[in-house]
Structure formats: structure tokens, C-alpha cells
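A short write-up of the structure that comes next.
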Amino acid sequence: MEEMDDFTVRRGEREDITGAAGPPEERPLDPAAFEEDDEPTLRPRTLDEFVGQERLKENLRIFVEAAKQRGEPLDHMLLAGPPGLGKTSLCRILAAEMGVQLHPTSGPSLERAGDMAAILTSLEEGDFLFIDEIHRLNRQIEEVLYPAMEDFAIDIVLGQGPSARTIRMDLPRFTLVGATTRTGLMTKPLLDRFGFSARLDYYEPHELEKIVVRNARILGVPITEGGARQLARRSRGTPRVANRLLKRVRDYAQVVGDGTIDEETANAALEMQGVDHLGLDRTDREYLSLIIEKFDGGPVGVGTLSVALGEARDTVEDVYEPYLLQSGLIQRTSRGRVATRHAYAHLGFPVRDGG
């Protein structure tokens, strides 16, 4: 088998895909890598300010108004979709609309049943409990959530051994909002306890243009229609990516240009970041080139690809692949990943026979 460190992508870019130790390269297009970097001022504060996801927003408006009229908390809801599409922002908005407190946490941070019980007993009437990456909850935590979601109560075990007894503690009515990138990893009993489930879609370019223009105004950055259009086109259908790129292009315009983000400035800055006209970065192109050059276009298993890229399998499946699939650059088959004709053309490779 050929050594992986002999692999080279097109256009003379040398790629280290051995996973060797070294400082990790920042990916400007990784929507999962910089949620905490989002400036609070850029977050929409109301459903009217939230751009895109129109059908979902209309449903949520109705749910909020109906719950207010009845004086009840919102039903538990599950928001699914790739990272960076606004699941956390929507939860913040809904909590504000209902006039209640938001208590955020994440699946990986909840290790023991006691952790979950402590959070649940701290909630007040109507509060929102937001669990990001809810698909990563362990079974013990889920067992605590079942009665909490269904009956607004938790079972507490007192004592040990034969003398142990269980008491039920009532909880205030609350709303659990779960966010996930991997609905398929969630258990059916947990899924069944959500009264409403929705999947957030990638954004259209015109929606991202609105987001870029709005946030450029908030940041005090002059931007032309052409500049906003280029940023939107290369943001992978993801608002969080658009915000990250806007900040990087702002820096470039300030230092190299006259401070205004026009089409030429945006193009130059994004090319410097390694972001091409489809919104692919160096790692995306490495992924596609690996399938095409090393594995004859596929099929190749995601486990093999993750090892070759030096990335965790979950990262490849949750971060890299969704946009490549959405863009028609790869296909998932029962035997593995396959590069499409579109991928060959984009990277400048001749399409193989039957490809």
C-alpha cells in the first residue's frame, strides 16, 4: 500500500494527511469550531430578526402565542440539523418570547444522574432547559429525563441496599429543547417524548446576503452588494460561517484596502483564506482529492477517510460531509463515500470511465 505522506492534491498544494502531531490548522469554515466566538450583538433577538427558516418560524410563532394564551409552557421540542444554522439562537429567542430563563447545557457535560437532577430541581415554572448535542446523553441521564419530561417529576433513591426506597419529587413545568446533529443516534424513548421536532435547513444565498448586510451594519463595516454576495456564496449555507468570514474579510479590508468590503476585496480576502467559489476550504478539497486520487473515486469507508485525514470520525460525518452531500460533491452508498462528476470537475480531474 502506498504511503499516505506521498499524497499530493492538485495545484501543487502539499497535504499532510498522516494525522501526525502538530498544531491544528484553524478552519475558517468549520461551523462547529467557534460557537463561543460568536459576538452576542450579532445574534438575532426576535423571530422577526431571525433570517431564514420561514416555515419553522411561522410554526414557532403559533406555538408561542397559543402557549401564552393558555398560560402553559411550550411543549418539549427537538431542533435538528448541521452545526451553525441557528438552533441555539432560536432557543434563546423562544425563551425571551415566553419571558422565562434559559438554562443551557450539553450532552457530553452531563455525566451522572445527579448532574441532571441538580439542574432539573433548579428550574422555575416555564423555564427552558437547552441541551446541545442531546444525542450524546448517556443512558443514566435519559432515565432521569423520561419522568421529568412526561410527568414533571423525578425519582430519587434514598438509602442503599435492601433498605433503599424511592420517592418522587415534583418539578415545575418546564420546556426541554434538545439540539442535535445526529437524530439517528437518539433512542426512540427519548425521541417520543418531544412534542415537536424540526430540522433546520441550509440557508439560501439571498438569505445569507441579508444576514451579512445586517451584521456588517452592526459591526460598522461598509459593504457593497457585490461584497455581500461573495461572502454569502462562500459561506456553505451557514450563518455562523458567514459571520466568521465577515470578520476575516473586515480585517483584510481594513489593512489592505480602504475599509470597504466590495466584491474585489471579498474575493481577494477569501482566496487568501483558502475558500473557493463553492465555499470549500483546504480540508474539503483534501477530502475530495483523497477519494479521487487514492481510492479511484470511491467507494471508501468513512473510517478510512477519517484516519487518512487525521480527524475524528464524528467530525468528518458531522462537519465536513453534510455540505459536500448538499452540494452534490459526494454520495453516500452502502459501501462508502463516492466522489461525483461535480467533484471531479471542481478539482480539475478528468472524470473516470463510468464516473
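Including glycine, each Cβ sits where the backbone N, Cα and C put it.
Under the heading region 'Disordered', Swiss-Prot lists 1-43.
According to Swiss-Prot, the region 'Large ATPase domain (RuvB-L)' annotation covers 4-203, on the basis of sequence analysis.
The annotation compositional bias 'Basic and acidic residues' is assigned in Swiss-Prot to 7-17.
Neighbour count (other Cβ atoms within 10 Å of the Cβ, all protein chains): 30 for Gly84 (ATP binding site). Sequence annotations record features per position, and here Swiss-Prot assigns ATP binding site to Leu42, Arg43, Gly84, Lys87, Thr88, Ser89, Glu150, Asp151, Phe152, Arg193, Tyr203, Arg240 based on sequence analysis.
Annotation comment: Swiss-Prot describes Thr88 as Mg(2+) binding site.
The DSSP breakdown of the region 'Small ATPAse domain (RuvB-S)' (204-274) into helical (H, G, I), extended (E, B) and coil residues amounts to 51 helix, 2 strand, 18 coil. For 204-274, the entry in Swiss-Prot reads region 'Small ATPAse domain (RuvB-S)', with the evidence type sequence analysis.
Secondary structure of the region 'Head domain (RuvB-H)' (277-355) per DSSP, as helix, strand and coil residue counts: 42 helix, 9 strand, 28 coil. Taken from Swiss-Prot, the feature region 'Head domain (RuvB-H)' applies to 277-355.
Residues or ranges marked as DNA binding site by Swiss-Prot: Arg313, Arg332, Arg337. Sequence-distant contacts of Arg332 (DNA binding site), defined by Cβ-Cβ distance under 8 angstroms and a gap of at least six in the same chain, are Glu321, Leu325.
Taking every pair among Leu42, Arg43, Gly84, Lys87, Thr88, Ser89, Glu150, Asp151, Phe152, Arg193, Tyr203, Arg240, the residues recorded as binding ATP, the greatest CA to CA distance is 37 Å. Long-range Cβ neighbours of Glu150 (ATP binding site) (same chain, at least 6 residues apart, Cβ-Cβ under 8 Å): Arg193.
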